[in-house]
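Trainee: Structure provided below as structure tokens; questions to follow.
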Amino acid sequence: MGLELYLDLLSQPCRSIYIFVRANNLPCEVRNVELFKGSVLGKRPAASGEQPRGEPSNSEGAGKISLLKKVPALKDGDFTLAECTAILLYLSRKYNTPDHWYPSDIRKRAQVDEYLSWHHANIRANAPKTMWIKVLIPLFTGQPLPSEKLQEVMEGLSTSLKQFEERFLQDKDFIIGSEISLADLVAIVELMQPVGVGCDIFEDRPRLMQWRRRVEEAVGEELFFQAHEMILNIKELSNIQIDPQLKEHLAPMLMKMLK
């Protein structure tokens, strides 16, 4: 069996890997892991006559592969790997993907590394919280969060977006110049998370919107929206039945995430 990837497209790191694999036609077997729709976090009752969509959940398989028991996870023979950046770099090297993704030029490569390092403490520290506040925490707790909490997160995200535009994007087509790189891919999937819950962070930011459109064109618009179909239809999660014991266990933890 060839290289296997365990992904849940609700996860932004998983989406970056999925887009990278499909855009480069890499010979990888993608295993669908529906963490929120399968037995891991909840059960969605099937309507009468409803047929399950897509591949069966591989949540158990992902747990066996990743010591951290989370996605994304990679299995290449007897070798396993977790963490989005590590997986993207492994795939780019293993399959010798086009140089623009992770350039051989030492300075351009350093620029990609710089963004990936900055990303986690800035864009990633704020953008995903919008989905937790508007969808996931109410799903698990049964109660909406105060609007002040979302406003606080959006203010932090606004600061990060300003830094992103001024420090990384500037007047370039992409983060490191005229071609898309792993940095753009990791950034765009994160910034689509607020969009999926009705917080359009591209509105009133023309430079950011133009960059987004260039990224869509670079990877292919059909692939881009296929990867984001779940996040752009996030309201479907409201139909999931969460196990009461799981709610009791996770609700306090989720609330602490945003304190």
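Quick reminder: no glycine exception, Cβ is built from N, Cα and C everywhere.
Grabbed the feature section from TrEMBL, which reads as follows:
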DOMAIN    1-99  domain 'GST N-terminal'
DOMAIN    105-246  domain 'GST C-terminal'
REGION    43-62  region 'Disordered'
Trainee: Between 0 and 100, where does the mean pLDDT of the domain 'GST N-terminal' (1-99) sit?
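Mentor: Result for the domain 'GST N-terminal' (1-99): average pLDDT 76.
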Trainee: Can you count helix, strand and coil residues in the domain 'GST C-terminal' (105-246) using DSSP?
Mentor: 105 helix, 3 strand, 34 coil
